[in-house]
Amino acid sequence: MSRTSGAVAALAATGLLALSLSACGGATKSSTDKAASSAPAAVQSGSANPNAATKKGLAVAFLPKQVNNPYFNISDAGGNTALSALGESYKEVGTTSATDTAGQVSYVNTLTQQHVSAIAVSAQDPGALCTALKQAMSAGIKVVTYDSDTDPGCRQVFVSQASAEDLGRSEVDLLGKELNYTGQIAVLSAAQTATNQNAWIGYMQDELKKPQFANMKLVKIAYGNDDPQMSFQQTQGLLQQYPDLKGIISPTTVGIKAAAQYLDGSQYKGKVLLTGLGTPNDMRSYVQDGTVKAFELWDPGKLGQLAAYTAVALASGQITGAQGQAFTAGSMGSFTIGAQGVVTLGAPTVFDSSNISQYNF
Amino acid sequence: MTAPTTAAAGQQPQPQPPLAAGSARGLLDRVLRMRELAILVVLAVMLVATQIDNTSFLSEQGIKDLLLNATILVLVAVGEAVVVITGNVDLSVGSVLGVTAFAAGDLLKHGGNPVLSVALAVVLGAALGAFNGVLVGVGQVPSLVVTLGTLYIIRALDSIWVGSREITASLLPSGYKTFGHDGVSAVPYLALVAAVVLIAVGYFLRDYRSGRECYALGSHAQAAALAGVPVRRRVLAAFVLCGALAGLAGALYLARFSYADAGTGNGYELTVVSAVVVGGVGFTGGSGSVHGAALGALLLTSINSVLPAIGVSSVWVEAIDGILLLLAISVDRVMALRIAGLLRSRARQARTGTNG
C-alpha cells in the first residue's frame, strides 16, 4: 500500500535498511543492466602477457557492499579460498551498512594508501566510488568490481554473476521442464519500473517464442513491489484470475518467498509450480516440503573465487581488462573478457532438494 | 475537586441538560453506526461485484485469504484507533511490529515455546508503547513528534540488533507456520484472534467508564481533566494497549509470512493510519470506534485483493487508497459540520424551552 513516503525515504537515508537481500537484489540491477548499457570502456594502459607467471604474495583486499551480510560472507570466503590456494594474502574491509557510500569511499582511500596489489569491490553506487577508484588505479592498484559494478571507466574488470539473458532464459527452461512444456504461466515481478526485472522478463518472453514452448503461454505479469503482503495478494489474484494457471516465475527474492509461503498454506500447494530467483535459506523449507521443486541463483562463493582469480591475473599482468583477453581461474576453467571489460560467471546454479543442504546463505 | 461540584451544582436546578446530553450521545452513536454501515455497504458491493466478475473470488480459499490479509492490519488499527480517539497518534507501530516479529522469531529459532514467544512479542510491544505513553502523557510532548522519534529509534535499535540476520521459514516450528494459515473451514485462526481482540476493545471503549473517558479526553483534554479524568494515566494506557497490539501483530506477522528481518514493518504506520481514518476515527480525537477502524482495515486490504482478481494493474492500488482516504475525510468533515449545526439548533430549542 502507501509505502512510498517521505518517512520511508528518510529511513533508507539514515542507512537502517541493512537487509541481506538488498545486497544481491541491488547487485543484479547494477550488474546485468549496466554492463549491457553504453558508456565507453576504460582506456587500458600497457599490454597483457597471457603467459606471465602468476605472482605470489600479492595483497588482495575485498570490499563488499556490506560486511556481516550472509551473501557477501559467502562470496568473500570464496575469494579467500582462491587466494590462499594461489599463495596470496586476503583481507576483507567494509561498512556495516549497505548504503554508507561515503564510508565505502574512505575504505578505498585507505586501501590506496596501504598500497594493496588489488581491490575487489562490490560498489554501493555506480558513480560515487569513481574518483577514489581512479586514484587507486593511477597508483598502480588493480581494481575489480564484483556483484555490483561501477561505471565502466572506474575499474579494470567487472565480474558479473550472470547475464540478464542467462537468467531470463534459464528460468523459463526450468519451469518448462517441470511443466512438461504445457500450460499457462505467469510472472510475479517486483516493481513495474525495475529495469533488471524487465530485462529478464524480456528474455523470458523471447525464450517462450521457441518451438518447444508452443503449448506454454505467459498469461500475466503481476507486480508485487518487493513487498511481502503485496506479493501475497498478487499471487492470490493470479490464481483467482487464471484458474488453469500451472506455473509462476518470480525473478525476485522477495516475490518468490512470498509466493512460496502463500502456496504452502493454500489449496494450490503442489498444483501450481513456482520457480525463480531465491536464496537457499529463504527457500529451504518450501523445497523440503515440496511446494517448490527447483529455483536458481548464482553461487556467491564462486563469484568471489572468480573475482579473486581476476584480481590476481590483473596484478600478474596476464590481462589488462581489454575485450578478448583470456585467463584461467583455477578449477573453474578459462574465462574470456567480454565487451566493456565484463567477465560473466556463467549460467546460474539451480537449487533443488538434492543440493540445497550444501548451501547456507 | 472543585470542578465536579460546580458542574453538579449547575445541574441541580434544571433537570433539562442531562437529558439533552443523553439524546446528543444517542445521535452521535447513530451517526457513527451509519458511518460504519456505509463502509460495510461499500465493502459488500465491491466484493459482490468482484464475485460476479470472477466466480472463484469468494471461494472458501478466497474468503480465507481476504480475512488473512486483513488480520494483521486490523489488530494494529484497533490499537491505533484507541490512541487516535484519545487525540494522539502512534507512528511507531511499524517499527514495533518489526522488532517484535524478529524477537518472537529469535525465540522460536532457539526452540522456544510458541505461546511464550507470542507473549514476549506482546510484552515487548507493551513496553515500547509505555515508553511512548510516558513521553506523551507525562512529558506532555505532542505525540506526533514523540512517536516519529521512537519510529526511528526503535528501527535503528532493531537494525543494530538484527543486522543482516533473518528469520526464514525453515527456522520456525511447523506448528507455528500452520497456525499462520490454517483455520476452521474458511475462518483462519489469525482472524479469530483479531476478532476476539476487536470485540474486547470495542466493549471496553463502549461500556467501561475508563473507555468513555478516552473519548472525553480526546474531545477536550482540559475539560476532561477538569471533570476528573486521569488524563495522563488514560493516555499512557492507550499507548500501552497500542504497543501490545502491535507486538501481537508482529508475532502473527511472523506466523503468516514466516519471515522477518531488519526491514519488517517498514512504512506500515502509514497503512495503519489510512485504515483508521478510512474507518471514520476522527483525527481530532474523541470520535469514531474500533469497529470502524477494523472495517477500514478490511476495506483497504480487500481492495488490494479485488484489483488483481479482476485483472487491474497493481499500480492503481495506491491511487485508489489515496482517493478513499480523501473521500473518508470529506465525508467526516461534512458530517461533523451537520452534527454541529444540529446540536446547536437543539441547544437553542432547549434554551427557549426552559425560558418559556
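All positions are counted from 1 along the displayed chain.
Cβ coordinates come from backbone N, Cα and C, glycine included.
Keep in mind that what you see is a predicted model, and the values were worked out from it rather than measured.
According to TrEMBL, the protein carries these features:
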- B:1-13: compositional bias 'Low complexity' (COMPBIAS)
- B:1-21: region 'Disordered' (REGION)
- B:37-54: transmembrane segment (TRANSMEM)
- B:66-85: transmembrane segment (TRANSMEM)
- B:115-138: transmembrane segment (TRANSMEM)
- B:186-205: transmembrane segment (TRANSMEM)
- B:235-255: transmembrane segment (TRANSMEM)
- B:267-286: transmembrane segment (TRANSMEM)
- B:293-317: transmembrane segment (TRANSMEM)
- B:323-343: transmembrane segment (TRANSMEM)
With Cβ distances under 8 Å as the criterion, find the stretch in B:66-85, B:186-205, B:235-255, B:293-317, B:323-343 that has the most pairs with the transmembrane segment (B:115-138). B:235-255
Taking contact to mean three or more C-beta pairs under 8 angstroms, with sequence separation of 6 or more, is the transmembrane segment (B:37-54) in contact with the transmembrane segment (B:293-317)? yes
Please indicate, using numbers and ranges, the residues of the same chain that are 6 or more beyond the transmembrane segment (B:293-317) and have a C-beta under 8 Å from a C-beta there. 36, 39-40, 42-43, 46-47, 50, 53-54, 57, 62, 65-66, 69-70, 73-74, 77-78, 80-81, 194, 198, 271-272, 274-281, 324, 328
